[in-house]
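The structure under discussion appears below in the form of structure tokens.
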Amino acid sequence: MAKTGTPRTSASSSRRGAADRRGQGDELHQPAGGRHPPLTTNQGIPVADNQNSLRATPRGPTLLEDFVLREKITHFDHERIPERIVHARGSAAHGYFELTKSLRKYTTAKLLTEVGEKTPVFVRFSTVAGGAGSIDTPRDVRGFAVKFYTKEGNWDLVGNNIPVFFIQDAIKFPDLVHAVKMEPDRGFPQAASAHDTFWDFISLTPEAMHMIMWAMSDRAIPRSLRMIEGFGIHSFRLLDAKGGSTFVKFHWRPKLGLQSTVWDEAVKLAGADPDFHRRDLFEAIQRGDYPEWEFGVQLFTEEQAAKFPFDHLDPTKLIPEELVPLQIVGRMVLDRWPDNFFAETEQVAFCPANIVPGIDFSNDPLLQGRLFSYLDTQLSRLGSPNFHQIPINAPKCPFANLQRDGHMQVHVPKGRVNYEPSSLQADSPRETAEGFRSYAQPADEGAKGRVRAESFADHYSQARLFYRSQSAPEQAHIASALVFELSKVETPHVREAVVGHLRHIDGDLARRVAAGLGLDALPPAPPAAVKPIDMPPSPALQIIGKAKPTLQGRSVGILVDDGSDAATVRALRKAAEDAGAAVKIVAPRVGGAKLGDGRKLAADGQLAGTPSVVFDAVAVVLSAAAGKALAKEAAAVDWVRDAYGHLKAIAFDEGAQPLLQAGGVAKDAGVVKAADARAFLKAAATRQWDREPRLRTLA
Ligand code: HDE
């Protein structure tokens, strides 16, 4: 009960409400500046009191009559919509696509023919397995969905950051997703593939082996969404003005290069900042460091495809760039964070069937199934066949047809004509010669049936190609990831079955994983329908080989305390910022630290709340006294130990030595003097891969 003993009556608070609207002196309402519009109900009725419900007497029952209360609570009760069955957790941004090289020879799609033309885009990145409230850094595939609002309608390129998929036929998708999601009886694990049902399904699905190599690689633990590649996966067709077709695979290449976390870092990030990727994308866009990707195509003809040692219609296969080079034809820049998460990021509906004239589908059976699924799921997720009218989904070009009515119809069509053919209304929409046409593909020979093409039978050659194309640390990470995941599997025969498959991929990999799991003998390899072939290694499949040694778009944390040398801190900060990094000052107290020059330096983060996992490289600049004191402070010791263990560059000064010692930091090429800013920049531009074998057993 209020201490004053004077109950707020409706009359007194309505006077207060009127004052609020003018932004004047109520203790509940601090004016935010500017002119506040009147608060109203959804019917536009001004609300006088948004603090108290309507009561029969000050201490009596609440009245059903209170339409303000009822409307507010009812709307609140219905705020949530079903989350996506997969890719529930996502972050998105607006931007534009700009064509840099015309594909006029191959397609009539205007966004791919008019050089310099900027097409607005909305891009949503996602994890696959976890729920909407799950973490950003699990081991998982990342969705990379792009909606192009072209002048000829919306084109959705709904891709992933991995160029192949687990299964060859859409009919297996519900099984795959059930297997990877939390187990149905116990309701865990969330956002993780390291459990029995996933690996049970995988061990019985040899076609998944190529994708498993990717999913166990560092591609599945990216450092930043700004540093992932994107792939349309399936072959599509480009159609020229004469109806001729060229096959195409679509690629996105991050301008900042690829970068991943190490596993222990990804695990710790999940606790330190469950929104790590979302925040990273948000902060980069807010500071004007706009993420950018090159857009590339692999173009090939039916005749070329016939000579590939795999079937390009099989979505478990990629086309090595060494076989069909990637041509860069455009760029995409993300330069605006959504105004509202729900209205845009949550309500956006991507669909591979949204395609524009000049582009067409291929017969990839996974793609064919996807063409059905997305609209179907969105009808239940967004609740009405009119979800295309939601601003984030609506085309930005004129659109008109004769579909009518339904839940949540917000357009008000005019006139008598809602059918076609018709002759009564001059402005009713009609078919156009410019409209979408499908490629007139001659039908294949063969009988109808539930069959898998024989050309889809080789499940191991590309898994082997991927594994053997990796650098030594990347191969070690794949082996370690398999050991980690399979160690979480409780059923021994499932573990063994997976190792059996690995024998077809690479004998050394199988032996490493078997040893890591403590198997006494190598389990038998299952029969393979087709003997795997050796393809020439493809360095384009690496991450480390493609990483750019740069601080551009990266982050540097500088740990300071009272008495830190101001000149060293300033010099490091300037050098890192000039190299394109975002620099944050970390101190034991969020208020900052009084540096050696007597001036206070504000902290961007408090030590325990800002662990070094959130940075790409760190510096520790401390007075002798602070160095000694922090060597006894767990958060500080973890700060340097983790930076070291996660293979990051560390700059240190004399005073920081005791702390480094406490964190077990041994001197190597990545541990440099804080006074030598140039050496720090060089070391910080990459991870210290040479350090890793000294720190952990790589299976
Ligand atoms: Fe999806 N997928 N998918 N998928 N997918 C969905 O659509 C589906 C597949 C991908 O940010 C759902 O609106 C089937 C491959 C992304 O909103 C659903 C099959 C690739 C997103 C669906 C696949 C993807 C989805 C769930 C096998 C990479 C998130 C919510 C035939 C090329 C889009 C929704 C966003 C979302 C079905 C396989 C990418 C259920 C049936 C392969 C990036 O319709």
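Counting begins at 1 with the first residue displayed.
Just so you know, glycine gets a Cβ as well, placed from its N, Cα and C.
TrEMBL: automatically predicted annotations, no manual curation.
As recorded in TrEMBL, the features of this protein are as follows:
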- HIS87: active site (ACT_SITE)
- ASN160: active site (ACT_SITE)
- ARG84, ARG124, PHE173, ARG370, TYR374, ARG381: heme binding site (BINDING)
- 1-16: compositional bias 'Low complexity' (COMPBIAS)
- 17-29: compositional bias 'Basic and acidic residues' (COMPBIAS)
- 39-55: compositional bias 'Polar residues' (COMPBIAS)
- 40-428: domain 'Catalase core' (DOMAIN)
- 1-59: region 'Disordered' (REGION)
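Whole-number maximum of the Cα to Cα distances across the heme-binding residues ARG84, ARG124, PHE173, ARG370, TYR374, ARG381: 21 angstrom. Shown are the binding-site residues ARG84, ARG124, ARG381; of these, the residue with the fewest other Cβ atoms within 10 Å is ARG381.
According to DSSP, ARG124 (heme binding site) is assigned to a strand segment. If you measure from the Cα atom of ASN160 (active site) to that of HIS87 (active site), you get 10 Å.
Between the CA atoms of ARG124 (heme binding site) and HIS87 (active site) there is a gap of 10 Å. ARG370 (heme binding site) sits 14 Å from HIS87 (active site), taking the C-alpha atoms as the reference points. In this structure the C-alpha atoms belonging to ARG381 (heme binding site) and HIS87 (active site) are separated by 13 Å.
Classification of PHE173 (heme binding site) by DSSP places it within a helix.
Around the Cβ of ASN160 (active site), 24 further Cβ atoms fall within 10 Å across all displayed protein chains. Counting only the Cα atoms, the space from PHE173 (heme binding site) to HIS87 (active site) is about 13 angstrom. For HIS87 (active site), the same-chain residues 6+ apart in sequence whose C-beta sits under 8 angstroms from its C-beta are SER126, THR127, VAL128, GLY143, ALA145.
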